[in-house]
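Peer 1: Attaching a single structure in structure tokens format; questions to follow.
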Amino acid sequence: MCGRFLRRLLAEESRRSTPVGRLLLPVLLGFRLVLLAASGPGVYGDEQSEFVCHTQQPGCKAACFDAFHPLSPLRFWVFQVILVAVPSALYMGFTLYHVIWHWELSGKGKEEETLIQGREGNTDVPGAGSLRLLWAYVAQLGARLVLEGAALGLQYHLYGFQMPSSFACRREPCLGSITCNLSRPSEKTIFLKTMFGVSGFCLLFTFLELVLLGLGRWWRTWKHKSSSSKYFLTSESTRRHKKATDSLPVVETKEQFQEAVPGRSLAQEKQRPVGPRDA
């Protein structure tokens with residue numbers, strides 16, 4: 001029973017998405033998580049401890065580091081992943097509710113075969129529940145697109161594309177301009193650009209998924225209208241042909257045939273007396 005329920009849930013999750021949404025977006029999300037977990041702490045774990053300022057003024061180093069990084073890049077990326085995953089989690093919860101509701105409605109899941117087979121057919125034919133799921137999927141893609149774009153803009157505003165090797169600090173309680181140095185700026189720059197590229201690909205593929213969904217829906221609508229018009233023309237032609245056929249008399253015997261043909265028969269024409277006009 002659990003296996004059938006999971007198959008139905010997975011089928012309902014993937015029936016509205018394209019290969020981009022089924023494969024590329026989850027792979028990029030998993031790659032981002034692995035990259036953060038495996039390399040993030042090693043690259044940015046020492047950013048505060050190795051942040052060296054040329055001063056002995058108490059509190060100056062902490063104030064300069066706060067001015068240089070108001071938000072740690074590692075914490076920013078973790079927050080970004082969680083924030084981007086929220087729309088997908090909400091959509092999965094909505095789909096789970098939809099599947100449970102239909103599961104209880106169908107009793108023992110008799111609609112499983114129809115649901116799985118429906119992935120190969122037209123997915124816009126089902127009723128209002130399927131349409132709500134489709135719009136929920138589009139809404140979560142739109143939310144992810146907005147969140148990814150906002151995160152990319154905020155990342156560029158906070159960190160730019162390159163991690164500098166030194167930073168000139170002018171903050172209290174520092175006396176004048178203080179120069180601070182960072183450890184391994186090149187490694188941090190490479191990781192910063194990598195995370196920027198992964199976020200850019202996620203943004204691009206999310207937009208591509210929306211475009212493919214729109215094109216697919218337009219194609220199915222056009223195909224449905226085309227098939228409907230062909231069916232209407234065929235039905236109209238058949239109706240007219242049937243009407244024309246029904247208007248003709250049904251000939252069953254020779255006498256009925258002779259009555260149906262306008263004028264007289266050949267035998268009656270021979271028996272007609274010859275008048276002066278015929279002579």
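Cβ atoms here come from the backbone N, Cα and C positions, even for glycine.
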Peer 1: Do Gly21 and Ile100 end up on the same side of the membrane (judging by the domain labels in Swiss-Prot)?
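Peer 2: Going by Swiss-Prot, Gly21 and Ile100 are on the same face of the membrane.
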Peer 1: Which bits of the chain, at least 6 residues beyond where the topological domain 'Extracellular' (154-194) starts or stops, bring a Cβ under 8 A of a Cβ in it?
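Peer 2: Answer is 35, 39-40, 43-44, 46-47, 50-55, 57-61, 63-71, 73, 76, 80.
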